[in-house]
């Protein structure tokens, strides 16, 4: 198992400086992580720095609330890809899901999938705000809308991934769709537990600590 290729090396804090982003990029190149996950303002800088490597630039869409309109999310997606993003992580319309407005949730996801035009799309459910029934429904809608992955969390709400949620998501989507655990992986043991539960990608700021077999401080 190539653990490094499970990791989306992440820095989404609004106060992140160019120096910190550059450090993230250099670490990702050293460890050959799957991607770095950075805010859209850093796409072009990151894409330039990562030229010649296998590390992709992953960008959040409708982040962190998921409450933008579908048109805005679609524009963000096209803009991100045009600027060099190789993957996008969109946040669902959580309020619509809570309201059982499933058509809107599905249309919202589909708008991003269509705008991505083949670029990998991960759908953030924000599991800490959902019941198990809502988590299952969100997974089904993401799958129906043609997304590539379902993802637990933004890291900006009340909690991150749990092993139980990852297992539920994997059980719901079956073997062929990706599942990303984000927030909560602070050590090698954490990462392994998520992978054993069914995760195929892990979003974390602790990628280096995980690879070194250490435990990182912080909460994402």
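Even glycines carry a Cβ here, placed using N, Cα and C.
Pulled from Swiss-Prot:
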ACT_SITE  89  active site, proton donor/acceptor
ACT_SITE  151  active site, schiff-base intermediate with acetaldehyde
ACT_SITE  180  active site, proton donor/acceptor
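Neighbour count (other Cβ atoms within 10 Å of the Cβ, all protein chains): 29 for residue 89 (active site, proton donor/acceptor). Counting every protein chain shown, 30 other Cβ atoms lie within 10 Å of the Cβ of residue 151 (active site, schiff-base intermediate with acetaldehyde). Sequence-distant neighbours of residue 180 (active site, proton donor/acceptor) (same chain, six or more apart, CB under 8 Å from its CB) are 8, 89, 122, 149, 150, 151, 152, 199, 200, 201, 202, 203, listed in sequence order. Secondary structure at residue 89 (active site, proton donor/acceptor), taken from DSSP and collapsed to helix, strand or coil, is strand.
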